[in-house]
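Comments concern the structure below.
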Amino acid sequence: MGVEGFAGDLEGRGRVGSAPAPFRLAYRPEIDGLRAIAVLPVMAFHAGFEAFGGGFVGVDIFFVISGYLITSILVGEMEAGRFSLTHFYERRARRILPALAAMILACIPFAWAWMTPAEFDAFARSMMAVGLFLSNLHFENESGYFDAVAEEKPLLHTWSLAVEEQFYVIFPIALLALWRFGPKRVGWTLLGIALASLAYSEWLQPRDGSANFFLAPSRAWELLAGSICALLIRERGIGKNDALALVGIVAIVASILFYDAGTPFPGKAALLPVGGTVLLILFAGQGNRVGKLLSHRWLVGVGLISYSAYLWHQPLFAFARIRSLGAPDPLLMAGLLVAALGLAALSWHVIERPFRDKKAMPARVLWRWAAVLLALPLVLGMVADKGDGFAAARTEPWQRDFLATATPSPLRGDCHAGDDNPISYADSCVIGEGEPTLAVLGDSHGVEPAFALGQQVAVRQLTYSDCPPLYGTSLEGREACGVWTQQVVDALVTDEAVQTVLVAYRLPYHLAGEVAGHYPAQPADKDRLSRTAMYEASLGDTVARLRAAGKRVILLLPPPELPKHVDALVMRAEGAEVSGVPQRWWEERMASTRRLVTALPSGITVIDPSTWLCDDTQCSATLDGKAQYFDDDHLSIAGASRVADAVTAAL
């Protein structure tokens, strides 16, 4: 059964079973219009506009378009007997490298001026990854695409270019090998591979969502969907079914409007935008209304510059976020979106078009340029990475002194539990000499206080990442945390050696959510009042059990949460005093926490770092020449030492 067997409602040239003339890809303005439909939602999503919560599906649209265009070109060349891998990669180099290199070079001075040494070092490593077309692997190992920290990575968006280039290392050779068995078998073979890739993506999503998002094996089916479109159009031409084309538009718009960062993706959820794109490629021609709509000159104009627009938008948004203390103003982001389109138009005329002109840029000259353009990010990245972010050249001595004290506990990796490392009570770390009479129970905010206390007394560290010590309560999706809490509290109750328990966790995060609103508060299915009541009852149960066992309970409140990592604040500071947040803002954020604390069982001691970090107007990120944090909400060893002094004084 050949390709024509699943051609469906396609109409047009070529009779089933006949030997078609060599296929030639004609220009389709509606495809450029579809590119505009892809790039604008991606840009709006990265700008932070909530109405475009599913704008990231624009990348999936690009994948399908790319598969369609590349396969159409390859098939035409193979049928004409003039296929050449050298010419194929020459076209890719003309298309991809010049504008990409220009974007990277433009990022460097802003990264130098505004990034912290750690951020600049990470930027350098990302440049190397881009130069090797491995940035999808790089960012998959660093963080998730939807993480707040990812928004400040200027080269994050290059992951999709890496996926395409990895795919096109293999695809032309595989297509050439398959073609010798006859074009009618190629479509079914590609369909089988695409279905296997989709099944793998759906299987991988609950196991490793980041790998599923970034890596080529779980994205290949989207490119192959475009390839299958090319083979179908080769056999039957472009269809004229306006209704199916309209369904395609609706599918894409629905995914843009109704998907968000919480949608498991890609997997089966990607079928909506991918399927919509397939329908538009197959049925939105010049002979129907949808095709004419996509061929509108404004959409075509944006589509022509879509590659450069995709390249330039993320650095603009990332540097705006790096430079801003809070979330950038939406008007600023809208202005930057327009600026990205302006830069894209300039890039198209000044960079892209000249490099695509074979007369102005012969192949031998192009390959020399390609070598230089590929070497630039590699060499610059290696130099910057070896230079440890060029801290000495980019910071003042007093800044380096502060940065040197922004350090976490050296035992974080070994002694701090998590879902992938649930350390039992028996295996928990004892810090200090002798039998521990003090235990620290909590989430990651107890790690540094435990280490600092361990320099004075023997301490048992019982901390679990993002795990509030709520006895008998299991948060949705955090069942392992609930089991661990119950086990360690039961063990504490029976451990007669431990006389005092320091409870430390980030109450405002759990009651009111992340400061910048990037993460939902836990548990996500309850409103604030019921959430507060649940935490009050569960934390009260934890405290009551410890008190009933004769333990003294000390509750450590979290320090004021900074708008940026402390190293970023130090880089912005003009003098030795580094401000954090307004004291009034912090008190407003802590209001629900303080109400909860007053409702806890009596007899507990409360230690509040804001009493020494804040004055009447401002909360500081540094004291006495030392950083009190190592990020934006965790105390550094220097900051935790003040907690240790307060605890030992209370004892």
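Just so it is clear, glycine is given a Cβ too, placed from its N, Cα and C backbone atoms.
Any TrEMBL annotation is an automated prediction that lacks curation.
These features come from TrEMBL:
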DOMAIN    29-347  domain 'Acyltransferase 3'
DOMAIN    414-647  domain 'SGNH'
TRANSMEM  55-75  transmembrane segment
TRANSMEM  96-115  transmembrane segment
TRANSMEM  159-179  transmembrane segment
TRANSMEM  243-259  transmembrane segment
TRANSMEM  265-284  transmembrane segment
TRANSMEM  296-312  transmembrane segment
TRANSMEM  332-351  transmembrane segment
TRANSMEM  363-384  transmembrane segment
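Sequence-remote contacts of a segment are chain residues at least 6 beyond its ends whose Cβ falls under 8 Å from one of its Cβ atoms, and for the transmembrane segment (243-259) they are 9, 37, 41, 51-58, 61, 265, 269, 272-273, 275-280, 282-284, 288, 290-291. Between the transmembrane segment (265-284) and the stretches 55-75, 96-115, 159-179, 296-312, 363-384, the greatest number of Cβ pairs separated by less than 8 Å involves 55-75. Counting residues 6+ beyond its ends, the transmembrane segment (363-384) has Cβ neighbours under 8 Å at 90, 93-94, 97-98, 100-101, 104-105, 108, 120-121, 123-132, 355, 390 in the same chain.
Remote same-chain residues near the transmembrane segment (55-75) are listed as 23, 25, 31, 34-35, 37-46, 49, 83, 88, 91, 145, 160, 163-164, 168, 171-172, 175-176, 179, 183, 219, 222-227, 229-231, 233-234, 252, 255-256, 259, 265-266, 270, 272-274, 277-278, 281, 310 (criterion: CB distance under 8 Å, separation of at least six residues from the stretch ends).
The list of residues near the transmembrane segment (96-115) in space but at least 6 beyond its ends in sequence, with Cβ under 8 angstroms from a Cβ of it, reads 123, 127, 130, 154-155, 158, 161, 165, 307-308, 311-312, 315, 319, 322-323, 347, 351-352, 355, 369-370, 373-374, 376-377, 380, 389-390, 394, 571.
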